[in-house]
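According to TrEMBL, the protein has these features:
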type	residues	note
DOMAIN	8-158	domain 'APS kinase'
BINDING	Gly15, Leu16, Ser17, Gly18, Ala19, Gly20, Lys21, Ser22	ATP binding site
Amino acid sequence: MAGTQQTGVTVFLTGLSGAGKSTIADALVAQLEAEGREVTVLDGDVVRTHLSSELDFSKEHRDLNIRRIGWVAGEVVKHGGTVVVAAIAPYDAAREAARALVEEHGRFLLVHLATPLEVCEQRDVKGLYARARAGEIPVFTGVSDPYESPSRAELTIDTSVTPLEESVARIRAAMDPVS
Ligand SMILES: Nc1ncnc2c1ncn2[C@@H]1O[C@H](COP(=O)(O)OS(=O)(=O)O)[C@@H](OP(=O)(O)O)[C@H]1O
Ligand SMILES: Nc1ncnc2c1ncn2[C@@H]1O[C@H](COP(=O)(O)OP(=O)(O)O)[C@@H](O)[C@H]1O
């Protein structure tokens, strides 16, 4: 019934490659599903395979990618759903545009994974930083392309000092509306 539908929410994880977006998204989704909640996951890598396969990593295409993610998230939230986004989303204006699309229909939590570049680079989960430093990837976020820190984030977490379980617990707590 429309009047009793729960308010939808989007958790938007932003940060450098290797900051911990996918790791935290996976653990958060596992917890939400264990609670019996269905979750729509919009992970940058997956979105770029299915929805944004023609896009490159220019500013224009990154912004378009994030606008698409924001629109899809808004559509899910409109119907009371829960969305977890994991995307670099390096530009503040695009993140705020995604926020606006979601907040037309429900709640939006921006989580800035502020893990230092040195730590992300040391992790180098996919070997991309080494390739970027070698000049094989000409525009790589944090190395040769900007990451704008959020002007407003509901949560800021540095995964080099915050255990995974604590990050998930903080985000999960922030998802519940203050009564
Ligand atoms: N040039 C360049 N810069 C940044 N990232 C790159 C690049 N090329 C490929 N990749 C891989 O693409 C993943 C980021 O995609 P996103 O859709 O999240 O990026 S964005 O939000 O549109 O900026 C990102 O995934 P994560 O490492 O999980 O962040 C990278 O694996
Ligand atoms: N406290 C932590 N929180 C999240 N990830 C961590 C933490 N400590 C180490 N890691 C590791 O850092 C890496 C983060 O990679 P990933 O989640 O793929 O980042 P992203 O999706 O932002 O590119 C993983 O290998 C993960 O195991």
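Keep in mind that glycine also has a Cβ here, set from the backbone N, Cα and C atoms.
Locations of recorded TrEMBL features on the structure.
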residue	record	Cβ neighbours (10 Å)
Gly15	ATP binding site	29
Leu16	ATP binding site	24
Ser17	ATP binding site	23
Gly18	ATP binding site	23
Ala19	ATP binding site	28
Gly20	ATP binding site	25
Lys21	ATP binding site	27
Ser22	ATP binding site	18
Query = Those binding-site residues, Leu16, Ser17, Lys21, Ser22: which ones have a Cβ sitting under 6 Å from ligand 2?
reply = Ser17, Lys21, Ser22
Ask   = Among Gly15, Ser17, Gly20, which binding-site residues lie by ligand 1, judged by Cβ under 6 Å to any atom?
value = Ser17
Key: Stretch-averaged pLDDT - the domain 'APS kinase' (8-158)   = 98
